[in-house]
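**Q** Take a look at this one; I'll ask things after.
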Amino acid sequence: MLNNMTDTEEGEGGPNSQGDGNPKESSPFINSSSASDVEKSQQYDGKNMALFEEEMDNSPMVSSILSSLANYSNLPQGSKEHEEAENEEGAAPSKKKPAVKAPSLGTLMGVYLPCIQNIFGVILFLRMTWMVGIGGVFGSFIIVFMCCSTTMLTAISMSAIATNGVVPAGGSYYMISRSLGPEFGGAVGICFYLGTTFAGAMYILGAIELLLIYILPQAAIFKMEGLEGADMEAAMLNNMRVYGTIVLSFMATVVFVGVKYVNKLALVFLACVILSILAVYAGVIKTAFEPPVFPVCILGNRTLISKGFDVCAKVIERDNGTVTTKLWKIFCDSEFLNATCDEYFANNNVSEIQGIPGVSSGILNLFGYYLEKGDFLEKRGISAMQDPDAPITNSNRYVLADITSFFTLLVGIYFPSVTGIMAGSNRSGDLRDAQKSIPIGTIAAITTTSIVYMSAVVLFGACIEGVVLRDKFGEGVDGNLVIGTLAWPSPWVIVIGSFFSTCGAGLQSLTGAPRLLQAISRDSVIPFLKVFGHGKANGEPTWALLLTASICEIGIIIASLDAVAPILSMFFLMCYMFVNLACALQTLLRTPNWRPRFKFYHWALSFLGMSLCLSLMFICSWYYAIVAMVIATCIYKYIEFAGAEKEWGDGIRGISLSAARFALMRLEEGPPHTKNWRPQIMVLVSMDSEQNVEQPRLLSLTNQLKAGKGLTIVGTSVVGTFLNNHAEAQKADQSLRKLMETEKVKGFSQVVISSNLRDGTSHLIQVGGLGGLKHNTVLVSWPRTWKQAEDNLRFRNFIEVVRETTAASMALLVPKNIAAYPSNGERFTEGHIDVWWIVHDGGMLMLLPFLLRQHKVWRKCKMRIFTVAQMDDNSIQMKKDLITFLYHLRIDAEVEVVEMHDSDISAYTYEKTLVMEQRSQILKQMHLTKNEMEREIQSITDSSRGSIRRKNPSNLQSLQSSEEPAGVSVEEKPEEEVQLIHNKNPTSPTTPAGSAATPGSEVQMTWTDKAETQAAAGHPEQGGVKDIFNMKPNQSNVRRMHTALRLNEVIMKKSKEAKLVLLNMPGPPKNRMGEENYMEFLEVLTEGLNRVLLVRGGGREVITIYS
């Protein structure tokens, strides 16, 4: 950050200039010229900074950057900047843009009043009285208390997060994404966006309901007069859809034209809300002295719709006579007293009660009165005469319940009235002191609104009659808004005020939601939303507004305020839940950057708030809750797999670290059980001069072995020192990561810098992994060019790897001819994986084919297991035992026991051993230059050519080795490599049929010093180079060569066509005198086979028959 704030001046003699003739040591500033030396030495003269002069280029003095740090700003444009950009449209391009004014809003105007405006809304005016009537004062108070407690706890958590550094405009999305990571942030951000969008639909529906029912009923396109039941409900919903779409289009146009109009009207809408609430309180006070006259007509105990009659009576006295009323005519077939009337009307009296008896009346609607859809609104305490079997008639004359009500429904409908607590944090870019204003303003606003809501519940229950409270649309009180009947001086204060406030809230939602979507899109965490990050030249989110209006139209089509409210409750509750989770995690993890200025928080409060949010989600509507969670989960997984990777220092990363530490500590308790053992692989790869991997198929094989399970470390070594070769190591690490991603290897890369490759490889084997999560298997490629003189070190390094893995009790896998192994995209449709089980290695040879066959490359290959029987073995019993063993291991494989009879050692074996030893001695005893060595070896081989030709004439026609790259001909090799070394000669009449390769592991680590000493004693160095050909081959080596040739002959006979051959790898020589011989034995053992995997066990059982 500091580097971005300070500009380093570089003139002609800057760091990039060449040829100044001055050594670097002469300059007090690293990488600077002598011209700048003088300036800088003068610049820091007398400032007591000489000790730090060399670091001033990259680390400037605090005094020079303190002002920049204090005034640091990285905030996106707020609404004021949008207005300024709009006002400047059409201005001359050359005109300089005026400086953006500093944020100037305080706590009252910037946080408190916006939160008040967003929290108070349509539910308070349209559904609060109905909720109190249905749920009772007691039940409604519980609902209000739960919801207000949830938002208060969320506000505490939000205050802690908002005061933990600068929060740009983006509100809850920014806080959650930076606290919980891009996956949670994106998922919850989308949920918050959907909640805000559906809130816009809810406000619009509320405004249309006010318009068509209370303000201008005659404006209805679909007439409801004379309709009843489902027909009337359908007509009402269609009216809502038509007018809702019109209003939505108008509001979207206003927002598109300019947000400045919305901002200018915000104070007007806020004034409407405050005046409406004050009018209600004034009306409540007035009822104590002079209750308003709002009579309600009751027939029996049923509430009558007040339209259609003028007097609440059956008959009245007029001119000394009894006259029937309009009410009589509604229920009877004529106006005469002897008319036939409705049975319920005839059997029950008509009474009139006061709809608003007032605070001093002593009524208490303490308990709930839940209704089924279509039930009559009945007055408690009045008996009625009715025949339960009689059909219900004239139901359209009574006030009926329009929906089935229950406690959880009330929670879902009410909760949107406490949302809007993020309004202050959303404006953080416009606040003078956001870290002070957000906590104070938000918590004060929630406290104020909570007091209003709780007092409203009690006052409504104490002032208004129960049947009036349950009358959702005021049908029993002349079609008045129920809360309006309580208001002073007139019901129209509430009707008009609530209409404008709902319109304003709808505009605010349509203004905020597109900007939230734009913020998510510009973060690039959800790729398919990138298009919505674009907008007009001044930054207005045009495309996001179009999508918002389209989603809002879905809520309009639903058309029912009661159905839309629980939907947005889900999304807001999920958002609040993750705000609490973010605060709790940051507190518990104690991350160093968690230093909020707001101190009155605790992780237990955050968890309580999170639990309340989750509980309310399922209380409101369990199926909506599941849908919301599925949506959030899908977005989370989509971001995880397809989204851009972001490092925001989020809390989830902290959880991962804590969980990893805990798991590693648990792993330290002991080695894994045999049932849990799986190869945790360290892959040793070599790099070329460009730091690219030389054997990429090693990672393909790793993927096929691991399939994403367990630990994989891909390691390599760079020769040099850390200071000088750090850049090369980074490049190598990037190459490893890129190849791992290409080959879909899930694991870690590790690059060490060492003075030589041998030590580097040793360091990787020793220190790879962490704690209990360490590798137990090493995968290294066969050194295919080990016979070339320039690769002498490479094969010795390879043997050292074999020795070190054996000493460390690690398993070792050596794929030979790795270039011929299949890539991850290939498929074998048939074939065999052959296992040559010669010595017991803990079961590695059984486990590896099983793991390979889990991968799609090898899935259709069948497994065959061969074992070798000696003369005194019972091969039939061995086969039965092996079949039983495999049955208990639950491994499907064909079994074959191969008998190897004793036979005489052939002359070919003798000669091959002799040539091997001669070569080994030549390379050890001759300390000549390369050219001199080749000339000397040529002369020696010429003298012995006759003998070899007599024993093995066809070997002179050596073909190109399968391990050598294409294009390397025999002529290009030194003579001694063609004729003396016998580099993978093809089959010949003297060679055993189709010489192939397999390790005779019965000689693990058995090469004694004695044999080598005898060989050395028999052929002393002082005898001269050519005296080597007077030597006789060591008998131990002859036996080993005989074993290798015989095993190769048998393996080639049985497994020549196999897709892969696995066999035991013999142990290395205990001393270093026979290393070349060891490599030659392995070469002979595996000669002629296409794909060979040499395996050494780690000294422990890795497979078990037990469950």
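All residue numbers here begin at 1 and follow the chain in the order shown.
Cβ coordinates are placed from backbone N, Cα and C, and glycine is handled just like the others.
So TrEMBL says this about it:
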type: COMPBIAS; residues: 15-36; note: compositional bias 'Polar residues'
type: COMPBIAS; residues: 953-963; note: compositional bias 'Polar residues'
type: COMPBIAS; residues: 986-1001; note: compositional bias 'Low complexity'
type: DOMAIN; residues: 111-285; note: domain 'Amino acid permease/ SLC12A'
type: DOMAIN; residues: 399-681; note: domain 'Amino acid permease/ SLC12A'
type: DOMAIN; residues: 696-814; note: domain 'SLC12A transporter C-terminal'
type: DOMAIN; residues: 829-955; note: domain 'SLC12A transporter C-terminal'
type: DOMAIN; residues: 1038-1107; note: domain 'SLC12A transporter C-terminal'
type: REGION; residues: 1-52; note: region 'Disordered'
type: REGION; residues: 74-100; note: region 'Disordered'
type: REGION; residues: 937-978; note: region 'Disordered'
type: REGION; residues: 983-1002; note: region 'Disordered'
type: TRANSMEM; residues: 105-126; note: transmembrane segment
type: TRANSMEM; residues: 138-161; note: transmembrane segment
type: TRANSMEM; residues: 173-195; note: transmembrane segment
type: TRANSMEM; residues: 201-222; note: transmembrane segment
type: TRANSMEM; residues: 242-259; note: transmembrane segment
type: TRANSMEM; residues: 265-284; note: transmembrane segment
type: TRANSMEM; residues: 398-418; note: transmembrane segment
type: TRANSMEM; residues: 438-464; note: transmembrane segment
type: TRANSMEM; residues: 543-561; note: transmembrane segment
type: TRANSMEM; residues: 567-588; note: transmembrane segment
type: TRANSMEM; residues: 600-625; note: transmembrane segment
**Q** Is the transmembrane segment (438-464) packed against any residues at least 6 beyond its ends, judged by a Cβ distance under 8 Å, and which are they?
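**A** Contacts with the transmembrane segment (438-464): 107-108, 110-112, 115-116, 119-120, 124, 128-129, 132-133, 136-137, 140-141, 144-145, 148, 151-152, 155-156, 158-159, 162-163, 167, 277, 280, 284, 287, 355-359, 361, 363-366, 417-418, 421, 424-425, 428, 431, 482-483, 485-486, 598.
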**Q** Taking the transmembrane segment (600-625) as the first stretch and the transmembrane segment (138-161) as the second, find out whether 3 or more Cβ pairs fall under 8 Å, excluding pairs closer than 6 in sequence.
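**A** Yes, since the transmembrane segment (600-625) and the transmembrane segment (138-161) share at least 3 Cβ pairs closer than 8 Å, they count as touching.
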**Q** I need to check the long-range neighbours of the transmembrane segment (242-259): which residues 6 or more away from its ends have a CB within less than 8 Å of a CB in the stretch?
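**A** For the transmembrane segment (242-259), the list is 79, 82-83, 86, 200-201, 204-205, 207-208, 211-212, 219, 221-222, 503, 506-507, 510-511, 514, 540, 542, 545, 548-549, 552-553, 556, 559.
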**Q** DSSP-wise, what's the residue breakdown of the domain 'SLC12A transporter C-terminal' (1038-1107) into helix, strand and coil?
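**A** Split into helix, strand and coil, the domain 'SLC12A transporter C-terminal' (1038-1107) gives 32 helix, 11 strand, 27 coil.
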**Q** Looking at the stretches 265-284, 398-418, 567-588, which one shares the most CB pairs under 8 Å with the transmembrane segment (173-195)?
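**A** Result: 567-588.
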**Q** Please determine whether the domain 'SLC12A transporter C-terminal' (1038-1107) and the domain 'Amino acid permease/ SLC12A' (399-681) are in contact (criterion: at least three Cβ-Cβ distances under 8 Å, sequence separation 6 or more).
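**A** They do touch: at least three Cβ pairs between the two stretches lie under 8 Å.
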**Q** Could you give the residue numbers and ranges of same-chain residues that sit at least 6 residues beyond the transmembrane segment (567-588) on either side and whose C-beta is under 8 angstroms from one of its C-beta atoms?
**A** 150-151, 153-154, 156-158, 160-161, 164, 172, 175-176, 179-180, 184, 188, 191-192, 194-196, 198-199, 202, 411-412, 415-416, 419, 555, 594, 601-603, 606-607, 609-610, 613-614, 616-617, 620-621, 624-625, 627-629, 632, 651-652, 654-655
**Q** Restricting to the same chain and to residues at least six past its boundaries, which positions have a Cβ under 8 Å from a Cβ of the transmembrane segment (265-284)?
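**A** Sequence-distant neighbours of the transmembrane segment (265-284): 113-114, 116-117, 120-121, 124-125, 292, 359, 452, 456, 459, 463, 483, 486-489, 493-494, 496-498, 500-501, 503-505, 507-508.
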**Q** With DSSP helix as H/G/I and strand as E/B, how many residues of the domain 'SLC12A transporter C-terminal' (696-814) fall in helix, strand and coil?
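**A** So the counts come to 61 helix, 25 strand, 33 coil.
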